[in-house]
Amino acid sequence: MSTTNRSNSNSLPFLLTGIPGLEALHMWISIPFCFTYIMTLLGNSMVLLTVRLDKNLHEPMYYFICMLAVIDLIFSTAVVPKMLCVFWLDSREIGFEACFIQMFFIHTFTAVESGVLLAMSFDRYIAICNPLRYTTILTSSRTIRIGLLCLARGAGVMTPLMCLLTSLPYCKTRVIPHSYCEHMAVVELACADPSVSDLYSLVVATLLVGADSVFIIFSYGMILRSVMRLPSQEARLKALRTCGSHISIILMFYIGGLLSMYLQMFSFGLAPHVQVLVADFYLTVPPMLNPLIYGIKVKQIQEGIFKLLGQLARPGISQADKD
């Protein structure tokens with residue numbers, strides 16, 4: 001293909017299918033996605049506001065929780081509004097650049113979240129295994145630098161992938177059989193050999209997720225060994241409870257991600273709409289559940305949210321008493 005034809009082809013927009021085969025049910029399917037998005041916005045915003053206003057929560061662990069909340073907000077906002085436009089308005093068109101920007105945000109912040117989860121496991125390791133040095137090792141400024149490093153790592157490894165993908169000519173159909181610009185679904189539309197980008201994405205995913213997973217498992221192995229050496233059962237249970245929310249989020253993130261990825265790579269005989277729904281729910285449900293897990297598992301966050309809600313309700317009660 002000539003350079004001019006390739007340029008003209010790559011300036012054309014893509015068309016999102018939504019849920020293949022279930023287009024007639026889009027209005028009903030949109031209801032749970034709209035609900036999860038609203039709950040994601042409310043829950044994560046509440047966590048951010050609680051940590052911001054409560055000075056007792058200005059500690060590294062809660063800063064990492066805030067980072068996850070910001071990631072969840074960006075993650076959901078990159079996907080769900082356009083998805084709902086497809087479901088509600090049949091607004092299926094998405095620009096060429098917008099498609100790859102959406103893909104960049106999805107993959108970048110997936111990598112960032114993996115890095116933050118690793119940092120949180122290191123935080124719990126220091127807090128439980130070396131508590132006397134916790135405040136000197138994990139200062140507020142060092143915590144923020146770790147978060148920025150996670151962001152730089154995610155953006156740094158995903159930028160070359162986006163350059164490789166956007167350089168491919170897309171001269172087949174412009175229809176993406178998905179609700180968003182899913183990587184594998186878009187690559188299948190290329191009329192050139194995508195083996196270089198496929199190899200790069202495979203290597204990056206393996207190194208990032210593999211290395212992060214190994215270090216997380218190692219951290220929790222050391223934590224478990226230290227916890228089992230504590231003298232009282234009450235102390236052991238308290239230490240394990242502090243890690244409960246983090247372990248829940250780790251399992252949801254990695255197991256859900258692996259399930260979604262393998263279903264996109266291998267159909268296993270499943271209908272296309274099942275594969276798409278699994279991928280959609282992986283991007284929308286965890287961001288909604290994360291703040292709920294914090295509220296249930298992390299006592300300080302729970303108390304902070306109740307305190308904030310009480311402060312917000314008090315002016316209304318006072319006004320009602322005056323009336």
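Glycine is treated like the rest: Cβ placed from N, Cα and C.
Residues or ranges marked as domain 'G-protein coupled receptors family 1 profile' in TrEMBL: 43-294. Under the heading transmembrane segment, TrEMBL lists 25-49, 61-80, 100-122, 143-168, 199-223, 243-263.
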May I ask you to check whether the transmembrane segment (143-168) and the transmembrane segment (25-49) make contact, with contact taken as at least three Cβ pairs under 8 Å and only pairs 6 or more apart in sequence counted?
no
Close approaches to the transmembrane segment (100-122) from elsewhere in its chain (Cβ under 8 angstroms; 6 or more beyond its ends):
61, 64, 67-68, 71, 74-75, 78-79, 82, 94, 143, 146-147, 149-151, 153-155, 157-159, 161-162, 165-166, 180-183, 186, 208-209, 212, 215-216, 219-220, 246, 249-250, 253, 257, 283
Folded-back contacts onto the transmembrane segment (243-263), same chain, C-beta under 8 angstroms, at least six residues removed:
68, 110, 113-114, 117, 120-121, 124, 128, 205, 209, 213, 216, 220, 223, 270, 274-275, 278-279, 282, 285-286, 289-290, 293-294, 296-298
